[in-house]
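Colleague: Take this structure, written in structure tokens, and hold onto it; I'll ask about it next.
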Amino acid sequence: MADQPKPISPLKNLLAGGFGGVCLVFVGHPLDTVKVRLQTQPPSLPGQPPMYSGTFDCFRKTLFREGITGLYRGMAAPIIGVTPMFAVCFFGFGLGKKLQQKHPEDVLSYPQLFAAGMLSGVFTTGIMTPGERIKCLLQIQASSGESKYTGTLDCAKKLYQEFGIRGIYKGTVLTLMRDVPASGMYFMTYEWLKNIFTPEGKRVSELSAPRILVAGGIAGIFNWAVAIPPDVLKSRFQTAPPGKYPNGFRDVLRELIRDEGVTSLYKGFNAVMIRAFPANAACFLGFEVAMKFLNWATPNL
């Protein structure tokens, strides 16, 4: 296996991880909106077509009815959360690696990298859950014709007033179920591909931008291949009226399989996979570029 990344300062981690996260959200949010609307659309009545027939139909209708701003609905919530979330994400991955090293020069196996990635998923849940909750509510209200919330802060304020802190953190368990294994797959795949793509005699840190894009994009696809079923459950649970699912994700899972079959757990699959490659390619390239710039501009930071 090729060389491990060198330790970086928390401030550099914050700045580079935040920049990578902003790149991810900006590139991927339109298809994330499509994904959430597909996952949360109500079952069609007998003899009537569904609200959206698929990814491209949802994209087309959203663009036609709401314009380009409709595709970026609810983006403020993930943008606000990405800087600390991605800083914590990369910090958690680095900490997970360090905890498994007996000596600083030890090279970790791929199962160890997977475990380190899982730790990053635990770290990010506290930031991710409220952002996802608000984002999903804002994304579906436009398609449903309701306008309960005027924006991100208004949504957070009303959730807290109505349900307290638990209302904002609704879906925490499902976020953990999604992000812990998916983050393990995410980082392990990225490190594996970086090692594969590194030419003979070169270091991983010298990998070209196109190869970073490909490694990051494929890592995103592997991440979402693991994350889609719990993500469907999370989206449905977080946007449901209070009290609809008293037993949590078990009730959501039971209802989905009963009413729509096992394939309902992969609602929005096309939108997710179309989004996964460019969004995560942008994330990792943004992170790597920011880190190189910071190491050049402020080597002692």
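Heads up, the Cβ atoms here are built off N, Cα and C, so glycines get one too.
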Colleague: Kindly tell me whether the record in Swiss-Prot places LYS12 on the same side of the membrane as ARG166.
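Modeller: They are annotated on opposite sides of the bilayer.
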Colleague: Thinking of Cβ pairs under 8 Å, which stretch from 13-31, 74-93, 113-131, 212-230, 268-287 has the most of them with the transmembrane segment (171-190)?
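Modeller: That would be 113-131.
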Colleague: Any idea what the Cα distance is from LYS148 (N6-acetyllysine) over to LYS170 (N6-succinyllysine), rounded to a whole Å?
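Modeller: Given the Cα positions, LYS148 (N6-acetyllysine) is 18 Å from LYS170 (N6-succinyllysine).
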Colleague: Quick check on the modified residues LYS148, LYS157, LYS170: which one has the highest count of other Cβ atoms within 10 Å of its Cβ?
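Modeller: The residue with the most neighbouring Cβ atoms within 10 Å is LYS170.
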Colleague: Take the transmembrane segment (74-93) and find every residue of the same chain, 6 or more past its ends, with a Cβ under 8 Å from one of its Cβ atoms.
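Modeller: Counting only partners 6 or more residues beyond its ends, the transmembrane segment (74-93) has Cβ contacts under 8 Å with 10, 13-18, 20-22, 24-25, 29, 33, 116-117, 119-124, 127-128, 130-132, 134-139, 151-152, 155, 183, 187, 283, 287.
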